[in-house]
Amino acid sequence: MALGVVRFRIKSSIPGTRLPLPRLGPHCPQKAAAVIMGNIFGNLLKSLIGKKEMRILMVGLDAAGKTTILYKLKLGEIVTTIPTIGFNVETVEYKNISFTVWDVGGQDKIRPLWRHYFQNTQGLIFVVDSNDRERVNEAREELMRMLAEDELRDAVLLVFANKQDLPNAMNAAEITDKLGLHSLRHRNWYIQATCATSGDGLYEGLDWLANQLKNKK
């Protein structure tokens with residue numbers, strides 16, 4: 001009997017899912033079976049787990065680079081930005097997690113509006129212009145004011161020490177000290193040096209947020 005290509009059809013027990021299988025030749029049945037089973041269980045696992053979601057609020061003083069960061073993560077490129085009056089919101093897909101990121105304007109007159117975005121926030125990204133030494137104390141005051149809000153009591157904190165490409169930028173250790181992060185004894189926090197224009201450090205920050213979400217489950 002001539003040997004031909006073997007095709008399989010397997011129905012999923014999970015409604016609405018499909019389990020695509022490769023076309024396999026007859027020459028290595030053991031390896032073929034292993035590939036088939038690997039694909040089956042891999043697709044079943046993805047169907048059962050699905051995507052996790054995390055609501056992120058990104059704030060900081062004006063001109064810190066928040067909107068540039070948002071669209072670097074979303075589009076992978078630099079976009080021309082203007083001062084945000086109100087908010088931008090985008091969904092960023094990363095490592096099986098759907099991050100809904102709210103980028104809220106940072107001008108002093110609209111900072112009182114930040115509190116309207118606190119509800120259901122799981123992670124707070126606070127963006128600091130590492131080159132702006134004159135306003136780092138102002139940034140600290142705004143950060144501590146937010147962290148005192150009851151609606152943010154369970155939110156984890158990620159600080160982006162942005163604009164590290166500038167020659168006079170403060171490093172992450174100096175920003176940590178200036179913001180008083182070591183005083184936050186009852187909150188999970190992390191600081192990441194970043195450059196929004198190149199993307200350096202941004203995904204390392206998302207990795208930390210992803211791990212925090214995983215640990216809460």
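Backbone N, Cα and C atoms are what each Cβ position is placed from, and that goes for glycine too.
Annotated GTP-binding residues in TrEMBL are Gly60, Leu61, Asp62, Ala63, Ala64, Gly65, Lys66, Thr67, Asn162, Lys163, Gln164, Asp165, and among Gly106, Gly123 the one listed with them is Gly106. Taking the C-alpha positions, the distance from Thr67 (Mg(2+) binding site) to Gly106 (GTP binding site) comes to 10 Å.
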